[in-house]
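What follows is a set of notes on a single structure, which appears directly below.
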Amino acid sequence: FAAVSVDCSEYPKPDCTLEYRPLCGSDNKTYASKCNFCNAVVESNGTLTLSHFGKC
């Protein structure tokens, strides 16, 4: 079983597109897209991780 992860190395970005591809974070919040999720990961200093793809 491989851990689910996304590459957030190119973040944070000031603006996220309106693309809707939900991801569920380890904080049990649904993020609208990889961009929104990665910005939150950066803000959390890496403590936030990806729980799974799709809504929580």
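Using the three backbone atoms N, Cα and C, a Cβ is placed for every residue, glycine included.
Cβ neighbours of CYS38 (disulfide bond) (same chain, under 8 Å, six or more residues apart in sequence): VAL6, CYS8, GLU10, TYR11, PRO12, LYS13. DSSP classifies CYS38 (disulfide bond) as helix under the three-state reduction. Residues or ranges marked as disulfide bond by Swiss-Prot: CYS8-CYS38 (among others).
In the shown protein chains, 19 other C-beta atoms lie within 10 A of the C-beta of CYS35 (disulfide bond). Taken from Swiss-Prot, the feature disulfide bond applies to CYS16-CYS35 (among others).
The number of other Cβ atoms within 10 Å of the Cβ belonging to CYS56 (disulfide bond), over all protein chains shown, comes to 13. As annotated by Swiss-Prot, disulfide bond applies to CYS24-CYS56 (among others).
Annotation comment: Swiss-Prot describes 6-56 as domain 'Kazal-like', evidence class sequence analysis.
For ASN45, the entry in Swiss-Prot reads N-linked glycosylation site. According to DSSP, ASN45 (N-linked glycosylation site) is assigned to coil rather than to any helix or strand. Remark: ASN45 (N-linked glycosylation site) has no non-local neighbours by Cβ distance under 8 Å and separation of at least 6 in sequence.
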- CYS35 (disulfide bond) and CYS24 (disulfide bond), distance between Cα atoms, whole Å: 13
- Message: Measuring Cα to Cα, how many Å separate CYS35 (disulfide bond) from CYS56 (disulfide bond)?
- Response: 17
- Message: Return only the integer: C-alpha distance in Å from CYS16 (disulfide bond) to CYS56 (disulfide bond).
- Response: 20
- Message: Give the mean pLDDT for the domain 'Kazal-like' (6-56) on the 0 to 100 scale.
- Response: 95
